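Enquirer: My structure is below; once you've seen it, I'll send some questions.
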């Protein structure tokens, strides 16, 4: 008989929390009891889990003593306060915030790339889910690096407002609507107007001119894939509700051509490749909403530098970029460690 587990989803009313519940139901995760948890502000609300309706539990009074796995999807401040309480009750935590990603005692996992490091989870009973851009990047870059070592990567990201939570989506919607009725709607969540606009500003600016988002992406790539290649990142917020896109320029240590890259990625887990066989042979963010794969298109040789390839990555940032990746981690846990 299949063992079943008690699961808690913290931040269940948020974008990633709701998607986590959806994916747990879709993939028939073996669940005994499941708890939807949020702040007191969400008490009285309900969320869906497959065909079931779950009532929100208060995080401030929740007891983790009988929870096997908790998915934390509610922001770094919540993780900082409540994850120690969960792990003290021997609950395994999969944290989707940035809080533990730099901790050397906490594995940072993309299942298609570095599952071997998952065994280190029991040092703190915490597993970190990577940044929503890092996950699709690693899914695409790791199989290439396994074949021919990467020397340098230049990354430009185009990140949807859902990466900033429901408040980000609301601001894009409200500003767009306001423009059509000639009503002023000043930025609240974002530093500048997001409707009909974009800006290279995600996170705070560091003294070196890079943003915290750009620094996180570079660091997490090196933690997962190693420090043998250099990375340069520019992160851009775009007026799209769901779906991230990434323009990537990859310099390799040896000779490689676009056809080689396409063949390698066609055999890789979690990737759908699109051949350059017509003028619409690329995937845009709106086309990946609700999809689990990482889509790679516009694979081509860099005409300015040898051994270098350009490609375009798109991914649903709420699914593979966040919720799906964490559920895949949990599946590996129950299959091999619990």
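Every residue, even glycine, has its Cβ placed from backbone N, Cα and C.
According to Swiss-Prot, the record shows the following:
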BINDING   13, 14, 15, 16, 41, 42, 162, 163, 187, 317  NADP(+) binding site
BINDING   101, 216  phosphate binding site
ACT_SITE  132  active site, acyl-thioester intermediate
BINDING   159, 237  substrate binding site
ACT_SITE  244  active site, proton acceptor
Enquirer: Restricting to the record's NADP(+)-binding residues (13, 14, 15, 16, 41, 42, 162, 163, 187, 317), give me the longest CA-CA distance in Å as a whole number.
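Expert: Value for the max Cα separation, rounded to a whole number: 26 Å.
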Enquirer: So which recorded positions are near residue 132 (active site, acyl-thioester intermediate), with CA atoms within 10 Å, out of 101, 159, 244?
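Expert: The recorded positions close to residue 132 (active site, acyl-thioester intermediate) (Cα within 10 Å), listed in sequence order, are 159, 244.
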Enquirer: If you count, for each of the binding-site residues 13, 15, 41, 159, the other Cβ atoms lying within 10 Å of its Cβ, which residue has the minimum?
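Expert: Counting other Cβ atoms within 10 Å of each of the binding-site residues 13, 15, 41, 159, the minimum falls on 41.
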Enquirer: Measuring Cα to Cα, how many angstrom lie between residue 162 (NADP(+) binding site) and the residue listed as 'active site, proton acceptor'?
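Expert: Approximately 9 Å lies between the Cα of residue 162 (NADP(+) binding site) and that of the residue listed as 'active site, proton acceptor'.
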Enquirer: Using C-alpha atoms only, work out the spacing between residue 13 (NADP(+) binding site) and residue 216 (phosphate binding site) and round it to an integer in Å.
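Expert: Taking the Cα atoms only, residue 13 (NADP(+) binding site) lies 26 Å from residue 216 (phosphate binding site).
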Enquirer: Whole-number answer please: how many Å between the C-alpha atoms of residue 159 (substrate binding site) and residue 41 (NADP(+) binding site)?
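Expert: Computed Cα spacing between residue 159 (substrate binding site) and residue 41 (NADP(+) binding site) is 28 Å.
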Enquirer: Please report the three-state DSSP label of residue 159 (substrate binding site).
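Expert: DSSP assigns residue 159 (substrate binding site) to strand.
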Enquirer: What three-state secondary structure does DSSP assign to residue 13 (NADP(+) binding site)?
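Expert: Assignment for residue 13 (NADP(+) binding site) reads coil.
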Enquirer: Rounded to a whole number, how many Å is the Cα of residue 41 (NADP(+) binding site) away from the Cα of residue 237 (substrate binding site)?
Expert: 28
Enquirer: Based on Cα distances to residue 187 (NADP(+) binding site), point out the closest of the binding-site residues 101, 216, 237.
Expert: 237
Enquirer: What is the Cβ neighbour count of residue 216 (phosphate binding site) at a 10 Å cut-off, with all protein chains included?
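Expert: That number is 22.
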Enquirer: Closest to residue 15 (NADP(+) binding site): which of the recorded positions 101, 216, 237, 244, going by Cα position?
Expert: 244
